[in-house]
Amino acid sequence: MSGKTILVWFRNDLRIHDNEMLLEATKKATTIVPVYCVDPRHFTEAPYGTQKTGNFRAKFILESLEDLKVSLQKLGGDLLILKGIPEEILPELCKKYEVNEVYHHREVAAEETEVSSNVEDALWKMQINLKHFIGHTMHHKEDLPFPIKDIPDVFTKFRKKVEREAEIRPSFETPTQINIPANFEKSEVPTLQDLGLTEPEVDKRSVLQFKGGETEGLKRLNYYLWESEALKTYKKTRNGLLGADYSSKLSPWLAAGCLSPREIYWEVKRYEKERGANDSTYWLIFELLWRDYFRFMFKKHGTRYFMEDGIKGKENELAPNQKELFEQWKNGVTGVPFVDANMQELKHTGFMSNRGRQNVASYLVNDLKVNWTWGAAYFEEMLIDYSPASNWGNWAYIAGVGNDPRDERYFNIEKQAAEYDPHGAYVKLWSENNS
Ligand SMILES: Cc1cc2nc3c(=O)[nH]c(=O)nc-3n(C[C@H](O)[C@H](O)[C@H](O)COP(=O)(O)OP(=O)(O)OC[C@H]3O[C@@H](n4cnc5c(N)ncnc54)[C@H](O)[C@@H]3O)c2cc1C
């Protein structure tokens with residue numbers, strides 16, 4: 001064998017821009033083996049009868065894989081897509097391609113880090129190193145002004161210190177050439193049917209017809225900042241419910257790693273320089289800091305975010321008929337129009353606004369008195385932008401067992417509907433017989 005071969009294990013980092021592990025692999029190795037494992041464990045049943053991945057997100061991921069494959073092919077490479085668990089697939093590929101080292105991005109949630117550990121153990125037996133990269137956050141964890149264990153549990157304290165003291169690193173350049181082994185296997189992106197899922201129906205009421213992939217993610221970023229300049233008024237519009245542009249809608253691409261948060265940060269900075277900074281340009285970065293924060297909190301508190309009593313160890317009161325109430329909530333038939341409209345939107349499109357998410361979560365916990373983890377599990381199945389730390393972190397926050405310094409965060413649904421849907425246009429759009 002001549003030269004070095006590095007296996008590049010893609011997971012939620014389906015992009016070629018600002019991808020340190022990919023760039024470094026192309027620099028350090030003669031040939032690289034880019035691989036994605038379609039893990040059957042992601043398509044199983046979760047507790048409470050929900051699925052781990054519903055068809056909206058699955059479709060988005062498959063589209064993202066297709067896009068990544070084409071991008072790698074354009075650079076002379078390819079993406080090997082195999083169905084199976086990484087713990088078994090990766091050691092086999094290491095043998096086949098005489099791999100010297102495996103690169104991947106570190107994750108923060110329990111299931112993902114466990115898979116990494118299992119892979120690390122399996123490779124260790126073959127004396128192959130699994131190298132970890134950090135690439136999911138805007139701030140690199142080593143640039144934070146505190147070690148993970150000392151990050152304050154109150155966001156504002158974290159934000160103030162980070163804004164004062166931490167800098168954001170520049171994005172990594174995109175590789176210009178990918179060399180793969182001559183005997184690289186051919187592979188196809190699986191279909192939804194291969195995963196036991198069906199094609200989701202297109203609902204023309206959807207805020208956006210989300211399409212997976214880095215190409216589409218970068219297009220949306222370009223549109224939101226430069227073409228429409230919707231960014232300029234983001235702070236005013238971000239609590240909206242209707243239409244594509246009240247918020248950036250970048251979350252699905254961020255969740256699959258089709259977009260790098262650092263790339264967004266630097267693009268916003270360029271926008272500020274060229275077209276002016278204001279409270280809206282700041283606010284988009286502020287929201288991305290929330291995203292970072294929940295990821296760091298997951299590193300700090302581990303599996304506590306998946307537990308009913310959360311990081312506060314607080315027990316919520318539960319209704320005796322919570323199973324029945326949960327079903328009504330899931331199906332958008334609680335009888336409360338604003339809640340039902342939001343749940344219908346989620347069911348038909350895989351998306352819901354931030355304002356909607358806060359309201360339906362609060363309603364489930366505070367009004368219906370249902371176990372919040374059931375709601376989080378349902379969101380996990382349905383959301384096209386599901387990301388463990390953002391989902392479970394926000395749910396725990398609203399359930400009063402997470403990072404909210406206030407004990408009760410109760411959303412008065414009637415008041416919220418009057419404020420954010422004053423003419424009832426949103427409720428009308430999503431009332432059941434309006435599809
Ligand atoms: C109960 C609940 C569950 C949620 N689950 C998820 C989830 O699984 N995945 C997810 O990406 N977001 C989640 N969020 C956060 C937020 O609702 C979405 O990120 C946002 O609605 C996505 O739309 P956008 O991209 O247009 O956001 P924008 O308003 O344009 O914000 C820009 C980006 O900032 C980040 N962001 C914004 N708000 C938050 C927040 N509160 N927490 C963390 N990051 C944030 C997102 O990456 C978002 O794409 C959840 C919020 C709640 C209340």
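Using N, Cα and C of the backbone, Cβ positions are placed for all residues, glycine too.
FAD is bound by Ser247, Ser248, Lys249, Leu250, Ser251 in TrEMBL, and the record lists one more residue there from Tyr234, Tyr265, which is Tyr234. Summary of the FAD site environment: with the site residues Tyr234, Ser247, Ser248, Lys249, Leu250, Ser251 set aside, the chain residues having Cβ atoms within 8 Å of the Cβ mean position are Tyr224, Leu284. Secondary structure of the domain 'Photolyase/cryptochrome alpha/beta' (4-138) per DSSP, as helix, strand and coil residue counts: 62 helix, 30 strand, 43 coil. When other Cβ atoms within 10 Å of the Cβ of Tyr234 (FAD binding site) are tallied across all protein chains shown, the result is 23. Under DSSP, Ser251 (FAD binding site) is assigned to a helix (H, G or I) in the three-state scheme.
Neighbour count (other Cβ atoms within 10 Å of the Cβ, all protein chains): 20 for Lys249 (FAD binding site).
The Cβ of Ser251 (FAD binding site) has 21 other Cβ atoms within 10 Å, all protein chains considered.
Non-local contacts of Ser248 (FAD binding site) by the CB criterion (under 8 A, 6+ apart in sequence, same chain) comprise Arg220, Leu221, Tyr224, Ala230, Leu231, Tyr234, Leu284.
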